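Taken from Swiss-Prot, the feature region 'Disordered' covers 107-129, 146-387. Marked as compositional bias 'Basic and acidic residues' by Swiss-Prot: 146-169, 215-259, 375-386. Marked as compositional bias 'Low complexity' by Swiss-Prot: 170-186, 295-326, 349-361. Annotation source Swiss-Prot lists domain 'tr-type G' at 478-647. Taken from Swiss-Prot, the feature region 'G1' applies to 487-494. The GTP binding site annotation in Swiss-Prot covers 487-494, 533-537, 587-590. Residues or ranges marked as region 'G2' by Swiss-Prot: 512-516. The region 'G3' annotation in Swiss-Prot covers 533-536. The region 'G4' feature in Swiss-Prot is assigned to 587-590; the stated evidence is similarity to another entry.
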Amino acid sequence: MFSTTVAEFANELKKSTATLLEQLKSAGVAKTAASDKLNDADKQRLLSYLQSTHGAAGAERKKITLVKKSTTEIKQADASGKARTIQVEVRKKRTFIRRDDGVEVSAEAPALETEQEVEAAPQVDNLELARREEEARRQAELIRRQEEELSERRRQREEQEARSREASEKAAAVAAEAAEAAAAQALKKKSKPVAPEQPAPNPTEIETAKVLAAAEKEQHLAKEKGLAREKELAESKARAAEDVVRAADLGDRRRKAESEAAAIRLMMSSPAKKAPPPPKKPEEVKPAMKGTLHKPAAGAVPAKPAKPGAPGAPGAPAAGAAAGAGKEVKSAKLSSSWAGDPAKKKGIPTRGATAAPGAGRSTNWRAPARGGRRGSSDRDRDDHRVQAAPVEQRVIEVHVPETITVAELAHKMAVKASEVIKHLMKLGQMVTINQPLDQDTAMILVEEMGHKAIVAALDDPEAFTVDEVSQQQSESLPRAPVVTVMGHVDHGKTSLLDYIRRAKVATGEAGGITQHIGAYHVETDRGMISFLDTPGHEAFTAMRARGAKATDIVILVVAADDGVMPQTKEAIKHARAAGVPIVVAINKIDKPDANPERVKNELVVEEVVPEEFGGDSPFVPVSAKTGQGIDALLEQVLLQAEVLELKAPVDAMAKGLVIEAQLDKGRGPVATVLVQSGTLKTGDIVLAGSTYGRVRAMLDENGRTIKTAGPSIPVEIQGLTEVPQAGDEFMVMADERRAREIATYRAGKFRHTKLAKQQAAKLENMFTDMAAGEVKMVPIIIKADVQGSQEALAQSLLKLSTDEVKVQLVYTAVGAISESDVNLAIASKAVIIGFNTRADAGARKLAENNGVDIRYYDIIYDAVDELKLAMSGMLTPDKKEEVIGTAEIRQIFKVSKIGSIAGCMVTAGVVRRTARLRLLRDNMVIFTGELDSLKRFKDDVREVREGFDCGLNIKNYNDIQEGDVLEFFEIREVARTL
């Protein structure tokens, strides 16, 4: 007897030795070590145990059918010569049969022969097996529930039938009693003698007749109820029989499902076997066919030709299989074991082949047959159209990103772009195939076309930056506070910082006002402090907001002689929004008209309460001129910093905020950044908004080159590819490729979002602009020294727009004015405004030759005032009516061919020939017009003054009377201002 060890058997079964020993122990085979011997009896006991455990059915025949479906596309020209794409779906199936002798046989479709060898059973993994078992369990549970519902319905129906039967029996008993009583009363009446004459009708007889009629009616009703009850019983029996048949069908289905699942489990647990080749039948020689390209198959039997156009009977495939059982199909040897659907495997006619009549009509679906009658091909196409099954519209889940073009959206919905454009036209939007759509519009369109719109998850490479930053774990150490100085314009913010830094910045600024954010750090006796100096002018709101965002403490500077002003209130709002503490510095206390108490009261109204009033904001009176109170101010700032316990990691990749950015002609893009955490080094890869680059050089606020910058240190970096946006966050990346990918992604995302919003705004305002008429535009190109000034100037100029004159910003950028800017101004007829920047020689010469106006400004007030003046000149003037004189009609002269001549006396002002007039009668306006002629004596005159008489003729009007008053007026144009 052949035997093997447990370890070898486990290796053969691809199982662990411990698992096999546990199964052997459960099967009753006492094996304890991997070296124990196993004989055939032990293996048979293990197999029986596994079959009983996995629910294998006995010797019943099992059949498993696997189906494969593939879809391809072909291009075929139709009758008109146009190429069409046709989808071809091929379905193949394979059937496995488990016979009594344990041999697996692969049964193909009836129309095909059995293959010589059956391939090994496909290996299905444990997940697939678990899924099939779960599906079989759910099917059995569903069948059980259906059986319970059927039994409950049958029980309710039987109870209802019993109740109706009892009610009908009671009604029949009552009717029988009434009939017996009526019959007894009738017999009693018949036994009495009849009188010779007809007496008057007896009331008793009338009552008896009524009783008899009622009894007959009740009998009739009882008979009808009996018939109805019999009919209902028959229907209930039929329904019960149907329920029994349905329950039996459900039981069969459940048993089949369970047996199929058991067969799958058994097949997966046992090794694959090959079926013995089927016995060969005696070969018959098939006569050779003429005019064919195919070789005659060996052992083929000629098939009986079918009737022309006759549809195949249901038993035709089986008969065909029996007739061709001995054929050897050459393609069957070459193809895989997947068999095609027999309904579609029909002969394809080839060149020169002799086909059966009508065979080509149903098989050659690619193109209509050449020749023949036209009606025949039309009928073939109609038959093919009738046989095509209706296709249901698929509901697709469309993931819609922030912006998507029309072509991409059509591709996601599997429709043509023209259909999407058509639906958008119905929704009131005129689009092109490459036009980007915003997310809301795209989602509405997807829902309109019957699909499901889902907000797409951002495929954002920026998520990697979050992971990289979160992975950096470094010890947080105390850092210096970042202090922002805010307040109204000319309240002494920069002068205060100059005294602290021992510098003179304010004297060198244009107009004596700050127009940039200045970043400095100062070493004091108690530690270092970083200062941000923000502009106070109203145009620099965005700069002040950026300063408050990057700060830890805000110093609010208020002039003691001026009090709380609009930008002071705005600075308080920015500090509240950033959630940072406020230290109030009451400046200019050295002036004789200083009033610190008034400043305190005004700030209390703005909810900035001093500490002596029970608030949380320290107030320090200072003087930037004499230095009074400066030390106390720094003391309060450092005290607030100690309370905040400011910390940041030092030994980590730097992260911070872009405070200001500019384009330097010699150094390229330059950005002033504030390091908030980590350490920035020369050579680091920096990502700032949609730009990136390697730090080539770092300068401090004094212009000295430094190698590293820690937390709370403002530095100026060089090496970026473009000028970043002020206010963008910057971070150091470990990989330059990753930084480039993220920067490119951000730039494309910003561009698509901007285009989509612009297009939506254009479509929304199209009809409004058409109704409003033509609006005068002032095209402007702005070039500034830094990005913050360019942003502030653009916002200030846009605020000047009115309903009649609008400011159009053609282009805004930082850097010097170049020839490309002048060419753009020539094309757009724009005015170039240079703010703290100049044009190079080539740009100046090109502008002079083409008449381009270039304006240079150093103070933002001047730029705004001059543009306001220019826009005022473009406004349409107001028309104002001015009365210049009155005249009274004293006499009327009738002149033929001329009409009525009025003799008038000028009572006030002057009467001019070119002026317009009103005819007043009883202080009511009768006519408004103009003069045809004005004469004094016989001479034509241009005007007649007060106290003189004149004769005049009113143009196209003769209905004048004596005593009427003529009022003369002129319309003058008055210039408007913004």
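Glycine residues also receive a Cβ, built from the backbone N, Cα and C atoms like all the rest.
If you look at the compositional bias 'Basic and acidic residues' (215-259), the same-chain residues 6 or more away from its ends with a CB under 8 A from one of its CBs are 55, 57, 60, 62, 136, 139-140, 143-144, 146-147, 150, 153-154, 157-158, 161, 164-165, 168, 171-172, 174-175, 178-179, 181-183. In this view, the densest Cβ surroundings among the binding-site residues D490, T534 belong to T534, judged by other Cβ atoms lying within 10 Å. Its own atom aside, the Cβ of K493 (GTP binding site) has 29 Cβ atoms within 10 angstroms in the protein chains shown. In this model, the domain 'tr-type G' (478-647) carries an average pLDDT of 79. Long-range contacts of the region 'G4' (587-590) within its own chain (CB-CB distance under 8 A, at least 6 residues past either end) are made by residues 491-492, 496, 557-562, 596, 621-626, 628-629. Following the DSSP three-state reduction, the secondary structure of T534 (GTP binding site) is coil.
Around G487 (GTP binding site), a 10 Å sphere centred on its CB holds 29 further CB atoms from the protein chains shown. In sequence order, A560, P596, P621, V622, S623, Q628, G629 are the residues of the chain that are 6 or more apart from I589 (GTP binding site) and have a CB within less than 8 Å of its CB. DSSP gives D490 (GTP binding site) a coil state; it is part of no helix or strand.
Residue counts for the region 'G4' (587-590) under DSSP, split into helix (H, G, I), strand (E, B) and coil, are 0 helix, 1 strand, 3 coil. As a summary of secondary structure, the compositional bias 'Low complexity' (170-186) carries 17 helix, 0 strand, 0 coil according to DSSP.
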